[in-house]
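Chemist: The structure is given below, and queries will be raised subsequently.
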Amino acid sequence: MQNDTIAAIATPQGVGGVGIIRVSGSDAFSLVAPLLRRPSREDIPPVPPTHQLTYRVIIDPATQEILDEVLVAFMRAPHTYTCEDVVEIQGHGGPLILRRILRSVLAQGARMANPGEFTLRAFLNGRLDLAQAEAVMDLIGSQTEVGQRLAMQQLRGKLSDQVEHARTSMLGAIARIEASIDFPEDDIPTPQAEELLPFIEEAQRQIARLLAGSEQGRLYRQGLRTAIIGRPNVGKSSLLNALLRIERAIVTPIAGTTRDTVEEIANLRGIPLHLIDTAGITPTQDPVEQLGVQRSRLAAETADVILHVFDGATALTEQDWQVAQELRAMGYGEKREGQAARRPVVVVINKADCEQVIDVAAIQSFWQDASLVQTSTLTGEGLEALENTLAELVQAGNVSGNESVLITSARHQEALRRGAEHLNAAILSLGQKVPLDFVSIDLRAAYDALGEVTGETASEDLLDRIFSEFCIGK
Ligand code: GDP
């Protein structure tokens, strides 16, 4: 499968200054070269020197019609993105032009690339390991500068290095055990627990260090889903806008949101804050409103944090309590012995610029564990306090310097946890003087679990799953 030549448009759909078609595989040069002409001549020019941008026109091979003026780079393996021969054709950035150029390349015998297939090839050819390949996607999708920095570190191989360190430590113990089992005639003494333990414990420490920041790391990548809930007219939409405005960072609207729930991304000290403004979650008879309520309820149910907004300038209403009850029924603000609420609620008492008539004590006695912030979307009062409260909830802003490596992926976290469990089992077995081959089974399992992070021991299913999430042309 790996030897065929693939092609795809590598730039986004839509209109742009330039658009790029990428071709990779052993026939990339010979497929593309016949499509090119010098602007002033009809003959097929020789392939230009490798990695050099060259001005050409490109033709439709069926009709000889000139499709576009292009800059083309022929890049000889192995110093390319995929480690294969690659040709990149830069045309004008119109969707029709690019599709026609691509069609010409396909007509020459290239195959349309699958999502992520260029990066898959870079992985299969050993240029990137799996964690690095995943970092490519994270980098493209990063929503804050911190997220981008973490992805870049992973792409540079910092995570892989640390995972490999832990594996090397394990290998120290594995090699000693296996040598004594495999070559008993060589008089290799059976290693003692004291000899093996330092290797295993070192690996354990390395994994623990990586796992320590992983919840945090995932937040930087996935963001915090924050639903803004409250009865109509308390100022939910105004609050959404205010929170977006105090952030001078990138704010991107999310496609596909409905009129009933609006989702925007603000930047909370590097964590993408997915703010969801909901229509309302109180029961209604109106069928149109019912739909909105359904969507809002779903948003509320899947949120990490709820901002329950009240209007400080009016007395509490039946509807305020209904909203509170609904949230409580979903498990928000539930107290747990000695711990923070699993699904925290932040009470926002809005319209602080007006005379306050709301019964704050009544709210506090209902939402006992919730932080309470008074805001005015009109004057901006309390918005920073609200931001601080959210940041404290998730301990945002703790990513220090450029040196920290944070696990940002659930997949990596899970593999490391599995590795740590096997190491614990190995240590337990050593203590119980279980035969060493059993210890070695657990050590191997831990070694393989960590190998899934870098892809050394990843199954084909896993690879398919990961790369299918990429975009076409990457
Ligand atoms: P929603 O229905 O909860 O989304 O509420 P809106 O954001 O649409 O606001 C309802 C009304 O309250 C609008 O007329 C806003 O201008 C007003 N409002 C929102 N926030 C404040 C505030 O902090 N102070 C005052 N005085 N009015 C506000």
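Each Cβ is built from the backbone N, Cα and C atoms, and glycine gets one as well.
Whatever TrEMBL says is automated annotation, not expert-curated.
According to TrEMBL:
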type	residues	note
BINDING	ARG22, GLU88, ARG127, LYS474	(6S)-5-formyl-5,6,7,8-tetrahydrofolate binding site
BINDING	233-238, 252-258, 277-280, 350-353	GTP binding site
BINDING	ASN233, THR252, ILE254, THR257	K(+) binding site
BINDING	SER237, THR258	Mg(2+) binding site
DOMAIN	223-395	domain 'TrmE-type G'
Chemist: Check the DSSP secondary structure of ASN233 (GTP binding site), expressed as helix, strand or coil.
Modeler: coil
Chemist: Determine the binding-site residues, out of ARG22, GLU88, ARG127, ASN233, LYS351, lying near ligand 1 in the sense that the CB is under 6 Å from one of its atoms, and give them in sequence order.
Modeler: ASN233, LYS351
Chemist: Fill in the CA-CA distance, LYS474 ((6S)-5-formyl-5,6,7,8-tetrahydrofolate binding site) to SER237 (Mg(2+) binding site), as an integer in Å.
Modeler: 37
Chemist: I'd like to confirm something. Which of the binding-site residues, ARG22, GLU88, ARG127, LYS351, has a Cα closest to the Cα of SER237 (Mg(2+) binding site)?
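Modeler: Comparing Cα positions, the candidate nearest SER237 (Mg(2+) binding site) turns out to be LYS351.
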Chemist: Tell me which of the binding-site residues ASN233, LYS236, LYS351 ends up closest to GLU88 ((6S)-5-formyl-5,6,7,8-tetrahydrofolate binding site) in space, Cα to Cα.
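Modeler: Of all the candidates listed, LYS236 is nearest in space.
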Chemist: List the same-chain residues at least 6 positions away in sequence whose Cβ sits under 8 Å from the Cβ of ARG127 ((6S)-5-formyl-5,6,7,8-tetrahydrofolate binding site), in sequence order, or say none.
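Modeler: PRO78, TYR81, THR82, CYS83 - these are the non-local Cβ neighbours of ARG127 ((6S)-5-formyl-5,6,7,8-tetrahydrofolate binding site), listed in sequence order.
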Chemist: Please determine which of the binding-site residues listed here (ARG22, LYS236, LYS351, LYS474) has the lowest count of neighbouring CB atoms within 10 Å.
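Modeler: Sparsest of the binding-site residues ARG22, LYS236, LYS351, LYS474 by Cβ contacts within 10 Å: LYS474.
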Chemist: Given the binding-site residues ASN233, LYS236, LYS351, find the one whose Cα is closest in space to the Cα of ARG22 ((6S)-5-formyl-5,6,7,8-tetrahydrofolate binding site).
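Modeler: That would be LYS236, the closest of ASN233, LYS236, LYS351 to ARG22 ((6S)-5-formyl-5,6,7,8-tetrahydrofolate binding site).
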Chemist: Reduced to three states, what secondary structure does DSSP give LYS474 ((6S)-5-formyl-5,6,7,8-tetrahydrofolate binding site)?
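Modeler: LYS474 ((6S)-5-formyl-5,6,7,8-tetrahydrofolate binding site) sits in coil per DSSP, no helix or strand.
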Chemist: Looking only at ASN233, SER237, the binding-site residues on record, which one has the least crowded Cβ, with the fewest other Cβ atoms within 10 Å?
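Modeler: With the binding-site residues ASN233, SER237, fewest surrounding Cβ atoms within 10 Å: ASN233.
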Chemist: 10 Å Cβ neighbour count around GLU88 ((6S)-5-formyl-5,6,7,8-tetrahydrofolate binding site)?
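Modeler: Around GLU88 ((6S)-5-formyl-5,6,7,8-tetrahydrofolate binding site), other Cβ atoms within 10 Å: 21.
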Chemist: For a quick check of understanding: given the listed (6S)-5-formyl-5,6,7,8-tetrahydrofolate-binding residues ARG22, GLU88, ARG127, LYS474, what is the maximum Cα-Cα distance in angstrom, as an integer?
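Modeler: Binding-site diameter by Cα atoms for (6S)-5-formyl-5,6,7,8-tetrahydrofolate: 19 Å.
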